[in-house]
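S.K.: Under the heading domain 'HMA', TrEMBL lists 5-71, 81-147. Among the features that TrEMBL reports, transmembrane segment is placed at 170-190, 222-244, 265-286, 292-314, 457-479, 499-522.
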Amino acid sequence: AKTISKCYVQVTGMTCASCVANIERNLRREDGIHSILVALMAGKAEVRYNPAVIHPSTIAELIRELGFGATVMENCGEGDGILELVVRGMTCASCVHKIESTLMKTNGVLYCSVALATNKAHIKYDPEVIGPRDVIQVIKDLGFSTLLVKKDRSASHLDHKQEIRQWKRAFVVSLIFCIPVMGLMIYMMVMDSQLSDAHAHHNMTSEEMDALHSSMVLEYQLLPGLSVMNFLSFLLCVPVQMFGGWHFYIQAYKALKHKTANMDVLIVLATSIAFLYSFVILLVAMAEKAKVNPVTFFDTPPMLFVFISLGRWLEHIAKGKTSEALARLISLQATEATIVTLGPGNVLLSEEQVDVELVQRGDIVRVIPGGKFPVDGRVIEGHSMVDESLITGEAMPVTKKPGNTVIAGSINQNGSLLISATHVGADTTLSQIVKLVEEAQTSKAPIQQFADKLSGYFVPCIVAVSVITLFAWIIIGFVDFEIIEKYFLVSESISAAEVIIRFAFQASITVLCIACPCSLGLA
């Protein structure tokens with residue numbers, strides 16, 4: 001008996017099924033080649049050959065002559081099939097040992113481990129020699145019942161609905177409280193400018209005086225040092241800090257726990273410092289019973305949270321769209337297959353319904369009119385029209401007769417077909433497409449990796465810069481007080497030192513807040 005070896009060749013440049021047919025047809029004619037199987041999406045050919053007659057590099061050369069790129073794949077242990085089962089009826093360690101030892105003796109089983117606590121069996125096998133149904137039969141013969149561990153076909157890990165809801169809620173909450181804060185702020189600005197004009201001109205009509213006094217309502221002190229304006233801003237700011245910023249706080253805490261700094265840490269730092277600083281300043285003013293209302297930053301957190309949660313919400317909507325397409329693709333897979341046993345002369349002996357995961361290569365599968373093809377295969381009997389629009393986008397059905405290939409997920413229309421399975425499980429065209437899209441989603445663009453790396457350095461840098469700002473202004477202030485006097489409305493009731501420190505604080509918080517929705521992260 002001549003020995004048969006198997007090799008895998010990576011083929012590039014295939015565009016459609018006719019390329020596949022072309023390669024398969026031409027190589028079958030060659031001496032020493034037993035069989036060849038080409039998978040279009042994976043770009044891979046599996047060749048079984050007689051090493052005495054032909055060499056893998058020669059096979060690759062033959063494919064190259066047909067006008068495709070081809071390289072022999074080394075160490076392709078991709079041939080291993082993996083089976084996960086739930087085994088019922090095990091009572092003790094000896095049952096486990098019995099199953100494991102029997103399976104390991106079985107030809108074609110490469111590895112097997114059974115866990116008594118979880119009732120799970122994990123089996124690796126060589127699909128050339130043995131298939132999942134044979135493994136299950138071995139376990140059944142030992143007197144145990146088995147169930148297949150169902151793969152999650154709904155692609156729930158691709159579902160972004162919950163995050164979309166969460167960020168939408170955060171955005172709406174922040175927005176509701178942000179609008180009044182912004183309104184108050186703009187109103188105060190307008191009134192301030194009028195006030196300075198009035199001071200400049202001195203000749204005011206009584207109407208103008210009244211207008212000014214109405215603006216003073218916001219400056220009116222409920223308690224000494226606590227103006228209506230500041231009190232309202234504080235009330236509006238608390239819920240945003242609590243509800244709008246909730247997810248940011250959680251994320252920031254997790255990041256700091258792992259000693260990394262991300263965008264969330266910056267956001268939390270900036271908003272918390274702005275909020276706490278304003279809060280403390282208010283308390284100080286109330287304690288001092290200050291006549292002049294302190295400058296607070298209660299408007300910063302709500303506005304920051306609005307912009308950032310809007311950004312996150314849009315980002316998740318975009319992610320959700322891609323995932324939705326992928327989930328739809330996954331849902332096109334058939335869940336069951338009808339496997340038939342043929343006698344001599346293609347006579348039907350028996351048929352059984354099995355899970356799609358249990359179909360083995362070389363099985364004969366019957367597909368009824370209107371049914372989906374569970375696996376990729378080759379027609380051996382019957383004529384039909386098949387709708388392959390899910391892969392090709394072509395609306396017209398394609399004629400299939402014995403020898404033609406069929407694609408998993410496409411729909412059989414009018415005739416009953418018997419097909420021989422060529423690619424099963426993760427090797428089907430549909431699974432390969434799903435895998436490619438998933439990989440495209442999880443892999444990052446190089447520029448994005450660069451941005452992530454930068455933002456790792458970005459956060460500590462910004463914090464450092466704002467601390468430097470704080471100390472720089474304190475030093476400048478004590479050296480030359482006039483500079484600060486120019487920028488800061490000095491009131492009589494506050495000491496010079498306090499003015500300097502407040503101004504320095506204001507500058508450093510501004511640095512934090514401006515750098516916070518760091519353009520890198522958003523972009």
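Cβ from N, Cα, C; glycine included.
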S.K.: By DSSP assignment, list the helix, strand and coil residue numbers for the domain 'HMA' (5-71), in that order.
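M.R.: So the counts come to 22 helix, 24 strand, 21 coil.
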S.K.: By a Cβ-Cβ criterion of under 8 Å, what residues six or more beyond either terminus of the transmembrane segment (222-244) are in contact with it?
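M.R.: 170-171, 173-174, 177-178, 180-181, 184, 188, 271-272, 275, 278-279, 282, 284-291, 293-294, 296, 298-299, 301-302, 305-306, 309.
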S.K.: Summarise the domain 'HMA' (81-147) as counts of helix, strand and coil residues per DSSP.
M.R.: 23 helix, 24 strand, 20 coil
S.K.: Find the average pLDDT over the domain 'HMA' (81-147) in the predicted model and report it.
M.R.: 88
